[in-house]
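Asker: Under the heading signal peptide, Swiss-Prot lists 1-17. The N-linked glycosylation site feature in Swiss-Prot is assigned to Asn27, Asn28, Asn40, Asn71, Asn104, Asn142, Asn177, Asn286, Asn304. The disulfide bond feature in Swiss-Prot is assigned to Cys59-Cys292, Cys72-Cys84, Cys107-Cys153, Cys296-Cys320.
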Amino acid sequence: MKAKLLVLFCAFTATDADTICIGYHANNSTDTVDTVLEKNVTVTHSVNLLEDSHNGKLCRLKGIAPLQLGNCSIAGWILGNPECESLFSQKSWSYIAETPNSENGTCYPGYFADYEELREQLSSVSSFERFEIFPKESSWPNHTVTKGVTASCSHKGKSSFYRNLLWLTEKNGLYPNLSKSYVNNKEKEVLVLWGVHHPSNIGDQRAIYRTENAYVSVVSSHYNRRFIPEIAKRPKVRGQEGRINYYWTLLEPRDTIIFEANGNLIAPWYAFALSRGFGSGIITSNASMDECDAKCQTPQGAINSSLPFQNVHPVTIGECPKYVRSTKLRMVTGLRNIPSIQSR
């Protein structure tokens, strides 16, 4: 297909010479753009492509509210820190909002294995079913399930413990070997969490578990680990010289997970059947929740814009303009605003 260029010629009769105007009309535009070769080129017309504003709030996405963790971290929420109990009622969300310096995480000090990977897994979850994987009253008849509390996880001034875990202790002077299994019949991935207690001294080990040589074994089709408690005095954290290390795995549908131990097991109480949703995510933000609805959420605030690009924040959730680092991005819809004049 041949392209044709139409050029307008304006001829004027003059005494000394003829003047011919070639091209287009200049205007009063002050639009400037940067090109590959030049900066601040004035053009006749241009349109803005870059959104640089937000409302500074956390909003619903397409009518669905986020899960706002408040003073709780992802760890505190998923383990069941007693101070995060109010969050358990929310079963679905558009995204998860966590504050940068949340106070309520692992109330009993210790190491949370593969924590960043767990956050990554939860970032794609939009709802879950929280259910008793091992019911408290019937699963552990030979062990005590009520004495495993600690001042470091206190609630309303009383010693307490995580709402999704059970600290099993000796019963009538004995801690029999235990073996407990669960078959995933949920037709969804199930998130299972547990812990291993590492006392600070051998006296505590004997008093709580009635053995000096304890082990914890956890086995499924995709997970196989054996843990040996490390008894050692450590610097006090939240008043504790002992530690609990926290672990998790995803159990596929129809797979089986088996727990065996002769001491030191922090057993699963509740687990989570996960439903993944397109467009979910986790943001870290100090922004407050507001009665607003948006298509795009950033940690700085929500964006409601039809422009194709934004420079508010690289982390986004929802239907968002593409992030660019530019401070100005315009598309030229006219020509250079300098007419060409030729005399003859």
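Cβ atoms are placed via backbone N, Cα and C, with glycine included.
Please situate the listed features within the shown structure.
Answerer: DSSP gives Cys292 (disulfide bond) a strand state. Remark: Cys292 (disulfide bond) has Asn55, Lys57, Cys59, Arg60, Ala302 as non-local neighbours, by Cβ distance under 8 Å and separation of at least 6 in sequence.
Taking Cβ-Cβ distances under 8 Å and a sequence separation of 6 or more, the neighbours of Asn71 (N-linked glycosylation site) in its chain are Glu83, Thr99, Ser102, Glu103, Asn104.
Residues within less than 8 Å, Cβ to Cβ, of Cys72 (disulfide bond) and separated from it by at least 6 positions along the same chain comprise Asn81, Glu83, Cys84, Leu87, Ser102, Glu103, Asn104, Gly105. DSSP assigns Cys72 (disulfide bond) to a strand segment in the three-state reduction.
Within 10 Å of the Cβ of Asn104 (N-linked glycosylation site) there are 19 other Cβ atoms, across all protein chains.
Under 8 Å, Cβ to Cβ, and six or more positions away along its own chain, Cys107 (disulfide bond) finds Gly76, Asn81, Pro82, Glu83, Thr150, Ser152, Cys153, Tyr162, Arg238. In three-state terms derived from DSSP, Cys107 (disulfide bond) belongs to neither a helical nor a strand segment and is classed as coil.
Sequence-distant neighbours of Asn142 (N-linked glycosylation site) (same chain, six or more apart, CB under 8 Å from its CB) are Lys171, Leu174, Pro176, Leu178, listed in sequence order.
Same-chain residues at least 6 positions away in sequence with a Cβ under 8 Å from that of Asn177 (N-linked glycosylation site) are, in sequence order, Glu260, Ala261, Asn262.
For Asn286 (N-linked glycosylation site), the number of other Cβ atoms no farther than 10 Å from its own Cβ, over all displayed protein chains, is 11. DSSP assigns Asn286 (N-linked glycosylation site) to coil in the three-state reduction, placing it in neither a helix nor a strand.
The Cβ of Asn304 (N-linked glycosylation site) lies under 8 Å from the Cβ of Asn55, Ala294, Lys295, Cys296, each of which sits 6+ residues away along the same chain.
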Asker: Tell me the Cα distance separating Asn40 (N-linked glycosylation site) from Cys320 (disulfide bond), rounded to the nearest angstrom.
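Answerer: Cα to Cα, Cys320 (disulfide bond) and Asn40 (N-linked glycosylation site) are separated by 29 Å.
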Asker: Distance check, please: Cα of Asn40 (N-linked glycosylation site) against Cα of Asn286 (N-linked glycosylation site), rounded to an integer number of angstrom.
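Answerer: Spelling it out, the Cα of Asn40 (N-linked glycosylation site) and the Cα of Asn286 (N-linked glycosylation site) are 37 Å apart.
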Asker: I'd like the number of other C-beta atoms within 10 A of the C-beta of Asn40 (N-linked glycosylation site), please.
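Answerer: There are 8 such Cβ atoms around Asn40 (N-linked glycosylation site).
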Asker: Going by DSSP, is Asn177 (N-linked glycosylation site) sitting in a helix, a strand, or coil?
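Answerer: The three-state answer is coil.
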